[in-house]
Amino acid sequence: MSRKDTAHGLLVSPIRNGTVIDHITAGEALNVLRILGITGSTNECLSIATNVESRRLGKKDIVKIENRELRKEEVDLIALLAPQARINIIREYGVVEKKGVEIPHVIKGVVRCPNPGCITNTNEPVESTFEVLDKGLHCLYCDWLIKDDIANHII
Amino acid sequence: MYHIISIRDFEREDLDYLLDRAEVFETGRYPPGLLKDRLVALLFFEPSTRTRMSFAAALARLGGQSINVDSVEASSIVKGETLADTIRVVSGYVDAIVLRHPKEGAARLAAEFSSVPVINAGDGAGQHPSQTLLDLYTIRKSMPLDGIDAGLLGDLRYGRTAHSLALALSLYGVTLHTIAPTGLEMPVNIAVELRERGVEVVEHASVEEAIRELDVLYVTRIQRERFPDTASYYNVASSYRITTQLLEGVRDHLMILHPLPRAGEIDPAVDRTPYARYFEQARNGVPVRMALLHEVMR
Ligand SMILES: [Zn+2]
């Protein structure tokens, strides 16, 4: 761990095994957790720091999740909210893998379609499915386009 | 397996091919009984007598048979059963399903659960590809689609037929002229998408301003329920009414289309002019739907 992180030691202490998501767009940490399906009722041991000073971003959020290595698909969803995020996989206090996030082409079951008339908002056995375009998220069922505020539509 | 779900799924070649097939079916030069022994479920979860009859007529002309589920029976199916389950069951009985459903995206869902082809006959405010195809077919019978000046008049915000027609026409290098009451303009994302597809979109404040430049004028219904009160509805509706006076000086070959039913947007006196083509347009629904049914089951 770098000296910079140690400076925030009280806020975010180093973890032995798990995942550190760094350089999250400031204010998006809780939405990142929602995207990962982490809620008050799940078991992860978490540390969250928000609005941490960062040379690259001005301010940033950091999330540390102990004893869980995130899968590639999970990580990529984070790109929707925090395209600059960096993922560090930690084993025995050391970073064994560093990766950026990549915006997926299609996301399933993560975002609710804002169109009340959309079939995915009924009790049908299908997951919401969006195609990720430059201009927003395009519902592949009803053609609705989510242009901004993606975090508000996370399931 | 081939489903007909959305006009967005089609490339220009697919549209041209289907329109060519419709032409074959209209001329009657095809072998009899092409869909003999084929059974189709007309699954209508909301009433649309016209569309349903048009599919039934198309199928009967090809020698096929249909079983109907009307909206009353459909509403009892809906109780407690998902569309996904209904589709899984019904697709076990028939060779194809024609689906009309109030929810957008219902046809896409049906296609995922069906073991037979699904044709979308309108899902909510979403897609209604057979309507768009018959609109294109009607225009193409009179003039090549390439580069025409097409006007879209009426409720362009909620009018799904206008959206899909615009998307389809974008494959033919047309210029689109939009004429809509305040508040019912074409949604920005659709206008942007059209421009991305290379369409020139020209907005007009009034139909008078646009009509002399047009080859096709596509009129859609202005729905009373979109307005706060009756007075403001009549106010807007009267300013978007096509009358014979308005047609002075238009291009000789101008065609006026309307997906019907109309609600006063077109003065009945216009019906007697050579520009009125909406009844012919409705009739064209049969050969177009013959082409679709044949295509998915051949
Ligand atoms: Zn949707």
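Each Cβ is built from the backbone N, Cα and C atoms, and glycine gets one as well.
Please treat TrEMBL annotations as automatic predictions, because they have not gone through curation.
Going by what TrEMBL states, the carbamoyl phosphate site holds B:Arg50, B:Thr51, B:His128, B:Gln131, B:Leu260, B:Pro261, and the candidate of B:Arg21, B:Arg100, B:Arg157 recorded there is B:Arg100. The two recorded residues B:Gln131 (carbamoyl phosphate binding site) and B:Arg160 (L-aspartate binding site) have their Cα atoms spaced 10 Å from each other. In the shown protein chains, 21 other C-beta atoms lie within 10 A of the C-beta of B:Arg160 (L-aspartate binding site).
The most densely surrounded of the binding-site residues B:Thr51, B:Gln131 is B:Gln131 (count of other Cβ atoms within 10 A of its Cβ). Across the structure, B:Arg100 (carbamoyl phosphate binding site) and B:Arg221 (L-aspartate binding site) are spaced 20 Å apart at their Cα atoms.
Residues B:Arg50, B:Thr51, B:Arg100, B:His128, B:Gln131, B:Leu260, B:Pro261, recorded as contacting carbamoyl phosphate, have a largest CA-CA distance of 17 Å. Secondary structure from DSSP puts B:His128 (carbamoyl phosphate binding site) in coil.
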